[in-house]
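First up is the structure itself, then whatever we jot down about it.
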Amino acid sequence: MVTISAPATSANLGPGFDALGLALDLCDDVTVALRTDGLTVEVIGEGADQVPTDETHLIVRAMYATFDDLGHPRPSGLALTCVNRIPHARGLGSSSAAIVAGVLAARALAGAPDDRAEALRVANDLEGHPDNVAPCLLGGFTIAWTPAGGARAVTIGPHPAVHPMIFVPQDRGLTKEARAALPASVPHGDASFNAGRSALLVHALTSAPELLFDATEDRLHQGYRAAGAPATAALVADLRSRGVPAVVSGAGPSVLAFVPDKDVIPDITGHNFASWPLRVDTTGARISH
Ligand SMILES: Nc1ncnc2c1ncn2[C@@H]1O[C@H](COP(=O)(O)OP(=O)(O)O)[C@@H](O)[C@H]1O
Ligand SMILES: N[C@@H](CCOP(=O)(O)O)C(=O)O
């Protein structure tokens, strides 16, 4: 039996589309036990009435893909108990947390070493972009990239004065749909703008939080997604008009803001979002046997 605790994540952080991400201290816990035969999936909390409980469940899919990647036979029986806290389809990396949990659980049950670089490669192949699975696996603020051999990532910082605040709406928004809203190409000026802001964001998050406002500007994805999530765009614009570094969290529809102190909650009167002050998770997914 193995238990994986996998954190929520906020990807992109404004200009770092598909590259930058931050782990947050809100975790899904998954316990997996080997059985002689059959598959059972018990889900408590987020998504309990919505996610499948057969072999199409995302954690089970990630486990099977990992056993196959290791060349290890799939077990004849599995029992999963999932305690879910990360809201689904809100831009907080619930699918990445599920994939990471499945990859780490399968590696542990197969007797493979806890090799996060290997786990990242497999998790990214399943998720399709590395910016959530990287912080979920490594913790902290991560920069991820995908060379020919598969995804890689480094984790750094962030500066202790980086205080994330998440604003979560009731409505959902699937990442797949938000990605479909993006154009096939962008103007060179916008690409160059984001390259500069992404570089500045690394400096701001690690050494100079006072630069976060300029560093979180984006021209690659948020504008194209605004029509599909107008309430999100309105909250980001309102917060930024008051000098708060605010961005779309992942593909949305949640909003991430950086506040000067963890107890400072910006006034969001008139916006139908719940405020969640979350600390940075500095360790990444945890495994307990
Ligand atoms: N813990 C989980 N168990 C099973 N499926 C999950 C879990 N978390 C997420 N999913 C699946 O992933 C979908 C959300 O993924 P996605 O659109 O990428 O949004 P998010 O930003 O929350 O990752 C859910 O609707 C569900 O189908
Ligand atoms: N870079 C991705 C990030 C998606 O994050 P999620 O938490 O919304 O799944 C994107 O912007 O599509």
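Counting begins at 1 with the first residue displayed.
Backbone N, Cα and C define each Cβ position, glycine as well.
Unlike curated entries, TrEMBL annotations are predicted automatically.
Per TrEMBL, the features are:
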- Pro87, His88, Ala89, Arg90, Gly91, Leu92, Gly93, Ser94, Ser95, Ser96, Ala97: ATP binding site (BINDING)
- 58-140: domain 'GHMP kinase N-terminal' (DOMAIN)
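What TrEMBL annotates, mapped onto the structure for a quick look.
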| residue | record | CB count, 10 Å |
| --- | --- | --- |
| Pro87 | ATP binding site | 22 |
| Ala89 | ATP binding site | 23 |
| Gly91 | ATP binding site | 30 |
| Gly93 | ATP binding site | 33 |
| Ser95 | ATP binding site | 22 |
| Ala97 | ATP binding site | 30 |
> Helix, strand, coil residue numbers for the domain 'GHMP kinase N-terminal' (58-140) per DSSP?
Replying inline: 50 helix, 8 strand, 25 coil
>> Given the binding-site residues Pro87, Ala89, Gly93, Ala97, return the subset with CB under 6 A from an atom of ligand 2, ordered by sequence, or none if empty.
In response: Gly93
> Taking only the binding-site residues Pro87, Ala89, Gly93, which have a CB closer than 6 angstroms to any atom that belongs to ligand 1?
Replying inline: Ala89, Gly93
>> Mean pLDDT across the domain 'GHMP kinase N-terminal' (58-140), rounded to an integer, is what?
In response: 98
>> Other than Pro87, His88, Ala89, Arg90, Gly91, Leu92, Gly93, Ser94, Ser95, Ser96, Ala97 themselves, what residues in this chain have Cβ atoms within 8 Å of the centroid of the ATP site's Cβ atoms?
In response: Ala8, Ile86, Gly250
